[in-house]
Amino acid sequence: MRTGSAGSEGETRKGNDASVNMGFGSPLSFWEVTLASTVVLGFVLGLLGVYCTMPSSDYSFLKLPRTLEDLQILKFVISSFSDHLEGYTSDYTAQVLVGYCVVYVFMQTFMIPGTIFMSLLAGALFGVFKGMALVVSTSTAGASSCYFLSKLIGRPLVFSLWPDKLSFFQEQIARRKECLLNYMLFLRLTPTLPNIFINVASPIVDVPYHIFFLATFIGLIPATYVTVKAGIALAEIESLGDLYNFNFIATLFLIGIVSITPTLMSKSKS
């Protein structure tokens, strides 16, 4: 009798595990697809609205930079049309800001590569401090949008793309509940995990939004400052290695280690 009950219990447990795994990879419901499609449609309409409301001008030289080759083209554009761009930005500040913010948040929300070049463009157009404030705020808004979109429909995608990395991330989050902000700051400050993965995986492993928001907003400041400042001297940049050299990466890791020092001290005391 005991063997039979143990066997049935094992089968029940396997059945529960199977149902959980199927839940991870289950297709989206109709309402989830509808809401996600509404979000996409909203962004598309927003981009279309920005384009239609922009003042008439020659946009043939403008291209959304997404590769190093685009960066080289953008370098030539900035150096050749700097007076035109500065005058355009000062004359149509509101339109340029809205257009920039919508494009940046759109790229962050849907994990489209190229935001680093948008950060360079912010430095070229708005200067260090204004550009830095713009990039940090739009990057945080885009990461937050990606967070909530992933919370809604991202579970199947994350489990299919990064199963091992997600398991590691979930284990680390569970071990650091008491000093979670410090750990999330460390991840944002250092290239330990890609920012795209952090954005989509955080709601799945139950990182509270206020922790996610603070870590994102504060943690992005050092790298943003370097990138935006480089945008002013865009003509001198030959490759991405000019931005993120060894000294810069080492500095980020040093700041990251400082951010998790309270966690290490609390663990040593316990």
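Placed from the backbone N, Cα and C atoms, the Cβ positions cover glycine too.
Curation does not apply to TrEMBL; its annotations are automatic.
Taken straight from TrEMBL:
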TRANSMEM  30-54  transmembrane segment
TRANSMEM  97-126  transmembrane segment
DOMAIN    112-231  domain 'VTT'
TRANSMEM  132-150  transmembrane segment
TRANSMEM  185-205  transmembrane segment
TRANSMEM  211-232  transmembrane segment
TRANSMEM  244-265  transmembrane segment
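When DSSP labels each residue, the domain 'VTT' (112-231) comes out as 97 helix, 0 strand, 23 coil, counted as helix, strand and coil in that order. With a cut-off of 8 Å between Cβ atoms, the residues of this chain six or more beyond the transmembrane segment (132-150) that come close are 36, 39, 97, 100-101, 104-111, 115, 118-119, 122-123, 126, 157-158, 195-196, 199-204, 209, 212-213, 216-217, 220-221, 224-225, 227-228.
Per-residue pLDDT, averaged along the domain 'VTT' (112-231), amounts to 90 for this model.
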